[in-house]
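Beneath this line is the structure, given in structure tokens, with notes to follow.
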Amino acid sequence: MAEIKVDPVDDHTMVIPETEISAQKPHRTLRVASLDIFRGLTVALMILVDDAGGEWPMIGHAPWHGCNLADFVMPFFLFIVGMAIPLALKRIPSKGKAVKKVVFRTLKLLFWGLLLQGGFSHAPDKLTYGVDMQMIRFCGILQRIAFAYLVVALAEIFLKDAQSNDIAAGYCSVFRLYCWHWLLGACILILYLAMLYGIYVPDWQFAVHDKESAVYGRVFAVDCNVRGKLNPPCNAVGYIDREILGINHLYLKPAWRRAKACTDNSPYEGPFKNDAPSWCHAPFEPEGILSSISAVLSTIIGVHFGHVLVHLKGHSERLKQWIMMGFALLILGIVLHFTHAIPLNKQLYTFSYVCVTSGAAALVFSAIYILVDIWGLKYMFVPLKWIGMNAMLVYVMAAERIFAGFINGWYYEDPHSTLVYWIEKHIFIGVWNSRRVGILLYVIFAEILFWAIIAGILHRFGIYWKL
């Protein structure tokens, strides 16, 4: 399924003609270092917010409306996938071969998504594997990426005409060249908004299947009987997932459990209030069907940035397009949120959330592009570059904590007496006499930096895990 390849060029990584850097050897290509670094930064952020977010809730996912640091990770991944699509497919002249490659890669992403987030792996805390097929989680991070990649890559194959690589540097030139992509995006947005605000959500009930819950097995009822609401219990996103996927196949511990309505410890996790609403105990799928349809917009915006890189050869022309669009998206999203027209919400993947996170991705990438590809300050970001060049390996081993689970399998007397727990407790928490600071430093040094070094060693030998 996955491939370990000795290959210095990743299919997902964008390349630029070397003629932009040198007049010699015009047919060779070079990696865009800024994209590797941006990908590595995003993977590092995922590790940081997942493993330190419990102690630092301000960087974890917002319980419902709002946007914390963790809420930028998924859109950044989708943006990066979109940026890589134009050049990855540009090197495949046959539409048939391109479709085959896209479909095969999508299937591999789905496989790994189900394996890692479907419930089969219990790493790192439980030394068991396996999932009850009646409770398997169908959706997840890689599944959403697979869906967005499939839709946008097929659009790139079939909706673009054979065009010249060089076009005028006017702001609207790239938009005009790929107008069908934007028409697809508009159709997706209209479909999403129509379903989000138009679908009727009836009353519903559920049984608690989380065996760690104090109310395991209890049945709760939720009163809705509304249309167009964006609150946790009665939105169309959750209703569609419950009806199509089945309530037993949703994520058991959604971020809303940390909401003020549910726990006095908010924004930290904690025991539910005695008078907490029934929906606090309910499952919810943050990577569900309707929200994944909206998530395609993040990838379409990323594809536009890839098109700019392909067709505009000057740094200033590229940056003008990227920065102007980045600020426009950011401002539009902020206005929609603070005017209460459309709130920022990662769980629902609202349009304002698409705009703010895509605008942020555009500006962060532009800043990295200036520092690395224009000013040549690559050595400052070498650890992130190494992670970005072996992103799948670091994601699986560190973000999904498969390696930590393997190490925890070798314990002394007690399953919590392992090397991982010893390092965390005695080297980081004990030295700093603070669990919050110790956990943060452990994640930065024992996870992110450690895997950056491992990725760097593999890069030295030209070894990459590619899908």
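Cβ coordinates come from backbone N, Cα and C, glycine included.
Annotations in TrEMBL come from automatic prediction, not curation.
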Checklist entry - Ranges 289-310, 377-398: which does TrEMBL label transmembrane segment? => result 289-310
Next on the checklist: Counting only residues 6 or more past its boundaries, what in the same chain has a CB within less than 8 Å of a CB in the transmembrane segment (348-372)?
Outcome noted: 32-35, 37-38, 41, 67, 71-72, 75-76, 79-80, 83, 189, 192-193, 196, 230, 235, 237, 291-292, 294-295, 297-298, 301-302, 305, 315, 318-319, 322-323, 325-334, 336-337, 341-342, 378, 380-381
Checklist outcome for this item: Counting only residues at least 6 beyond its ends, the same-chain positions whose CB falls under 8 A of a CB in the transmembrane segment (322-342) are 171, 301, 304-305, 308, 350-363, 365-366, 369
Item to check | Interface check, the transmembrane segment (141-159) with the transmembrane segment (439-458), three or more C-beta pairs under 8 A | outcome: no
Checklist entry - Counting Cβ pairs under 8 Å to the transmembrane segment (180-200), which of 69-90, 102-121, 289-310 comes out on top? => result 289-310
Item to check | Intrachain neighbours beyond the transmembrane segment (289-310), with Cβ under 8 angstroms and 6 or more residues off its ends | outcome: 14, 16, 32, 74-75, 78-87, 90, 139, 143-144, 147-149, 151-152, 155-156, 165, 174-175, 177-178, 181-182, 184-185, 188-189, 191-192, 195-196, 236-237, 240-241, 244-245, 318, 321-322, 325, 329, 347-351, 354, 357-358, 361-362, 365
